[in-house]
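Q: Okay, these came from TrEMBL:
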ACT_SITE  E138  active site, proton donor
ACT_SITE  D278  active site
ACT_SITE  E371  active site, proton donor
ACT_SITE  E392  active site
BINDING   T475  Ca(2+) binding site
SIGNAL    1-27  signal peptide
Amino acid sequence: MLPREFIVAWMLVFLVIFPNIFNPCTCQLEPRWAAKKRHVMREKVRKMFYHAYDNYMTHAFPHDELKPLTKSFTDSLSELGNLRLEHLPQDYNGSALTLIESLSSLLIMGNSTEFERAVLWLSQNITFHVDARVNLFECNIRVLGGLVSAHILATDSTNRLVHGAYKNQLLILAEDLGKRFLPAFNTPTGLPYAWINLKYGVMVDETTETSTSGCGSLILEMGALSQLTGDPTYEYVAIRALRKLWSMRSSLNLLGTTLDVVTGDWIEYSAGIGAGVDSFYEYLFKAHILFGKEEFWRMFHSAYLAVQKYFRHGPWYHEADMRTGKATYWQLTSLQAFWPGLQVLVGDIAAANSSHREFFHVWEKFGVLPERYLLDHQMLHPTEKYYPLRPELAESTFYLYQATKDSWYLKVGESIVNSLNLYTKVEGGFASVRDVTTMQLEDHQHSFFLAETCKYLYLLFDDSFLVDRNYIFTTEGHPLPVLRDWHDRLPESYISTNWSFAQSEKQGRRTSAMSLQVCPANDNQQVESACHITDARADHRCFTDEECGVDSTTCRRRSCSMAGYCGLWLLV
């Protein structure tokens, strides 16, 4: 018989983690009209996916990506991240990139037959022993991530693949690719080169410049590869690079955008939550969830507090100098739209909602989300006016609907679907938008349109794939299961710094576990959220706004009143 105190304690934990389980509002059956609407939208998204997929298979397979306007192909794996199109291979004929990226989407949409056919084709036809210089980050999240995720799904008995037809071929391919990545990490700092030749390794006179995302967003895929193969090397080099990168942060816990992997010096000191840095934050937190390492949580928590303190301005996030915290560029970039989704995982729902609504407002203004929008001038960037079918807004919409069940997010999803069909659908697939002011199209259907954009929109309207399953999605939308066997074993005497405390049943029902994060831990056991930054003085007195922190419940920046006290005096 378990002690009564033990049972009561676990009941409290259950209420915190599953706050709506006894909420009568969420137990009511969904209205018939709403269920029908979701079904209609799900089928619209399914048609979008297959319009893109079938055209790729007809006009581009087994090359990398589809050119929908000319119904042709591009072997783009060597072009990803290669803005100057330098050192392109002469004899590279593609690696079926879009097919690899589509695998988990096929299964999520219930097409196990096509998933199995694709898995078997890849098993028999793909090799990475090719003379192709690829971007390590892009190849990791798209190819290695796609293969590792598909292997896990292929070995899941619930997916009903033909017995005996699959013998870990995708894992063998993934391990071969992972081994080809390893020479990139042979640097004095342990930070990997941004570019690697899959056949010959690091090329002579290779550039030593990389981005924070490029060397700090490898841990999910390479860590999973180590767990599946039993070879710790992949996880080790990814963690070593991550630790080195974290050691290079400023005294404000901020990081820049680009750096030198040989000297360990920063090249670009300005940074934000967008391009060049975005997935660094994402992978710190998701790695904590996937592998259970407290080290990842400590890094993320410090980094998250710094973002809230130095980048946030109301619902927007500008860029700032990592050394001083002073604002540098006031701009929205489309990649920033992932941030509300990450905040949902953290538990800062209110902050996520406010930022998401601003992103959607820009979407409505232009019909799609432009690559860069100048906040200080309320105008488009003069050259970066394109929309390459990015998934980030759809991704955050999916997470916010999962967290709130607010039907408004379904309407947002419907608007995104309608815009994609209106502006980007062509006879040969879906084309990127070159200029959002004219809706002129570009002859490119990116593989992430099938890996992420369609997937998140589908899951928004039909999340049956996730029932009784616990997945973390990589930055490329590839699902990885959260498994107990992948977590570090805790010592018997273990005191976690990442724990929750519910003061009341009512509070436990309306707040997620991460929102109940005690920050900082103290004897009063006050409930704070992960975004909380304390005021400089315990009595909350102040002379300037800089002495005030961030509110724990609204995640809004506090300001100094005329009377000299910190509080939520400004409506931002």
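Glycine is no exception: its Cβ is also placed from the backbone N, Cα and C atoms.
Just so you know, TrEMBL annotations never went through curation; they're auto-generated.
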Q: For the residue listed as 'Ca(2+) binding site', write down the residues of its own chain that are at least 6 apart in sequence and whose Cβ falls under 8 Å from its Cβ; none is a fine answer.
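A: Within the chain, the residue listed as 'Ca(2+) binding site' has Cβ neighbours under 8 Å at I141, S217, L220, D278, S279, E282, Y283, F338.
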Q: What does the structure give for the C-alpha distance between E138 (active site, proton donor) and E392 (active site)? Integer Å is fine.
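A: Cα to Cα, E138 (active site, proton donor) and E392 (active site) are separated by 16 Å.
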Q: E392 (active site) to E371 (active site, proton donor): how many Å between their Cα atoms?
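A: E392 (active site) and E371 (active site, proton donor) have their Cα atoms 11 Å apart.
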Q: Can you tell which of the active-site residues (E138, E392) has the fewest other C-beta atoms within 10 angstroms of its C-beta?
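A: Taking E138, E392 as the active-site residues, the minimal 10 Å Cβ count falls on E138.
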